[in-house]
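Q: Please read through the structure below; I'll follow up with questions.
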Amino acid sequence: MGFVYIVMTGYYKNVHKRKQNQVDDGPEAKRVKSSAKVIDYSNPFAVSNMLEALDSGKFGSVSKELEEIADMRMDLVKRSIWLYPSLAYTVFEAEKTMDNQQVVEGVINLDDDDDDDTDVEKKALCVVPSSSEIVLLDSDDEDNERQRPMYQFQSTLVQHQKNQGDVTPLIPQCSFEEVDLGRGKEMPSAIKAIVEGQTSRGKVLPIENGVVNEKGVYVGVEEDDSDNESEAADEDLGNIWNEMALSIECSKDVARETSHKEKADVVEDCEHSFILKDDMGYVCRVCGVIEKSILEIIDVQFTKAKRNTRTYASETRTKRFGESDNELKFSEEGLMIGGLAAHPTHAAEMKPHQIEGFQFLCSNLVADDPGGCIMAHAPGSGKTFMIISFMQSFLAKYPQAKPLVVLPKGILPTWKKEFVRWQVEDIPLLDFYSAKAENRAQQLSILKQWMEKKSILFLGYQQFSTIVCDDTTDSLSCQEILLKVPSILILDEGHTPRNEDTNLLQSLAQVQTPRKVVLSGTLYQNHVKEVFNILNLVRPKFLKLDTSKSAVKRILAYTPCDVRGRLTGSNSDMASMFNETVEHTLQKSEDFTVKIKVIQDLREMTKKVLHYYKGDFLDELPGLADFTVVLNLSPKQLNEVKKLRREKRKFKVSAVGSAIYLHPKLKVFSDKSDDVSDTTMDEMVEKLDLNEGVKAKFFLNLINLCDSAGEKLLVFSQYLIPLKFLERLAALAKGWKLGKEVFVLTGNTSSEQREWSMETFNSSPDAKIFFGSIKACGEGISLVGASRILILDVPLNPSVTRQAIGRAFRPGQKKMVHAYRLIAGSSPEEEDHNTCFKKEVISKMWFEWNEYCGYQNFEVETIDVDEAGDTFLESPALREDIRVLYKR
């Protein structure tokens, strides 16, 4: 016996053809003919008759899917009663009659328990005869007699076959097709009341403002003999997509020609949600309306200047060099008002923090009152890519702009490589190094090229400071260009000019453009005043601005006057008093409530100028175990430490101590120049007792473990003598050679050798150790081939160590990273470590503290070596001299 599933297919709009093509010559052939299988809703008794037909069928056991259909039926009944209240008596009388009906023969009972017969009857599903029945909901518009019905109930017949007395249901093979028919027609109120809220497998069909979006889902059973129908359906679907493409093109023309007044009169039937698609532009994800074509986006932002447009250089020929008319020209062209957007190619690659950073740059640099800002994003977070994207958008919209990028000389190749990777148009990148412009005349020639065409100029910090501070006549022209022409100044590693007493900070402050951007992965270095020196660079007299005055007064009020007097003295100015007060409160105050108030005020006064990103993307990496390993010194080392404490010069203590803590024999080299020959070092290494130097012994045990585990090691130090010593120790102990297993990077390494060493170390399976001067391996260095890091000494600036660890713990790292900060116990180095940690606390509290941290004091965690979770520390040889182990 056949069963028929009654499913409401949506707003069916003539997509599937009928099984039999009935073609008549007369006009009446196109009208829907009434039959026993058609229910005409223009008949007032149609609903009543349909419900009676539904309720008079046979009943079967209810599965989960059939329950849904039964629920759909009940929903239709309720809405029909709401539309025709007179049906209520008929329906409820039918329900009473259903309780007294007996189960018809031939119905499969899927429930084994006789006790559940009552439930089965309650969940009975209406079954209509085995022939397919179609219900057409006709329009109430009687004038349009030839209009086909918009809504259709189509039944699906599922055959059951008997095999050896058992009844086995044949599982229907259903196909699902989604047809978007665009905007629907206005519905008569009666039909709208019936259809509104109907469900297709529990999903409500949307009706907005009385207009039906004719977007339906056809659910049917594929028939073996329906090849012709499938081909016809495919042809119809193809026509639909063609019609949609035509509609989109038509909508573009209408959008351009419609006036603003006419647009205001149009009643929107869609709450648009626009998204950016690379091939179309800003498109509504709901209805497909294009707000802005991709061609318009590119034309506005990335068109080249017209030939009849004067260049920046030609316009200044009639004026004295350096006049401020350059800024006036920007204002006339709308630079202060016009918005800026990232190129679609860049936007598709941006992460959320980069998108937020791009918008932050626009709010400061492209505004009515432009000013500088600080982008303090974590190392490896993509600051370079973000600012490259901004500069290309900036230049595309304002081709006359002159960007100047000042950065450490060593990372210039990295910047150029990134520019080539992300360029959307060919913008010349100029610098003095590649052009070998060594004298002022050659440098002036490069600067004139930069002025005359759309390009970007790169200079090193030292080079910029030297030119600006040069008093010779040859430098005057170069100085005038560098100080007056730049329209935007980018400072990578922007914490470099943090000392107010240096020529570098003073020379950068003389650049006249208000658009200055500082990029830094470690903004806080040593002291609070250094951060405010950088703030004063991008926003002159920052503490005296109206946005800062109230916060400054509140912060000063938190500290008693006698404490402020002891900190700064009676003759100190307000800025010095403020900086010392903040540093003392965050570092030494025992009242955590006061610390929180200071943090909140600091963030309030800098929120529009400073954009901070901690680096949550690092959580996606395999992980970081940052250990501080305090070692017990050998007797000979302790004797040398006693002598070292008599030294009053702090730098001397640090330099000599770094050698002694590694091995006492290195003391003889600490006073000499860094140029120690391999032969001299080899002779000393062959004679020494390794047990006398705990750090040297730790290093040798560590490289043995790394070699066995197939992991690569990074070794960082502030000084070259320790690096040279360990390089020769590894060569003699393991037979490793420089350039194959061992690589070295210092401040004297050329750019070409620098790039080659990084690429070879990361890619070569033979590479074992990379020795690096910790200051030379700053931003722009990626050494993700290594998974173990050894820090030999304690830089007084804690951010230097953080950057060194960031060389390996950054995007691209595939392994868990373990860092070991070696500390000589009972020595001045242990005291330096405590001082550095207090500086770290200030940075963490200022930028990273939140209400979820509670009243924690940011102390490092002391852990047992056995519970460190590091297999290397389980080695007896490696853990032999460990006195205490900390973990950040």
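Yeah, the Cβs are placed from backbone N, Cα and C, and that goes for glycine too.
From Swiss-Prot, for reference:
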type	residues	note
BINDING	H377, A378, P379, G380, S381, G382, K383, T384	ATP binding site
DOMAIN	364-541	domain 'Helicase ATP-binding'
DOMAIN	701-866	domain 'Helicase C-terminal'
MOTIF	17-24	motif 'Nuclear localization signal 1'
MOTIF	492-495	motif 'DEAH box'
Q: Using DSSP, what is the helix/strand/coil residue split across the motif 'DEAH box' (492-495)?
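A: Counting residues by DSSP class gives 0 helix, 1 strand, 3 coil.
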Q: In terms of Cβ proximity under 8 Å, which residues at least six beyond the ends of the motif 'DEAH box' (492-495) contact it?
A: 374, 383-384, 405-408, 411, 415, 517-520, 522-523, 525, 530, 534, 778-779, 799
Q: Can you list, in sequence order, the residues of the same chain other than H377, A378, P379, G380, S381, G382, K383, T384 whose CB lies within 8 Å of the CB centroid of the ATP site?
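A: So the extra residues in range turn out to be G521, Y613, G615.
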Q: Taking the Cβ of G382 (ATP binding site) as the reference point, list residues of the same chain whose Cβ is under 8 angstroms away and which are at least six residues distant in sequence.
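A: Same-chain residues close to G382 (ATP binding site) (Cβ under 8 Å, separated by 6 or more) are K351, Q354.
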Q: Do any residues at least six apart in sequence from T384 (ATP binding site), in the same chain, have a Cβ closer than 8 Å to its Cβ, and if so which, in order?
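A: Spatial neighbours, sequence-distant, of T384 (ATP binding site): T414, W415, E418, D492, L519, G780.
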Q: Show which residues of the chain containing A378 (ATP binding site), separated from it by at least 6 in sequence, have their CB under 8 Å from its CB.
A: G521, Y613, K614, G615, L618, G806
Q: Using DSSP reduced to three states, classify T384 (ATP binding site) as helix, strand or coil.
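A: Reduced to three states, the DSSP call for T384 (ATP binding site) is helix.
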Q: Give the three-state DSSP assignment (helix, strand or coil) for H377 (ATP binding site).
A: strand
Q: Note the mean pLDDT of the domain 'Helicase ATP-binding' (364-541), expressed as a whole number.
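A: Averaged over the domain 'Helicase ATP-binding' (364-541), the predicted model reaches a pLDDT of 91.
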Q: Within 10 Å of the Cβ of S381 (ATP binding site), how many other Cβ atoms are there?
A: 24
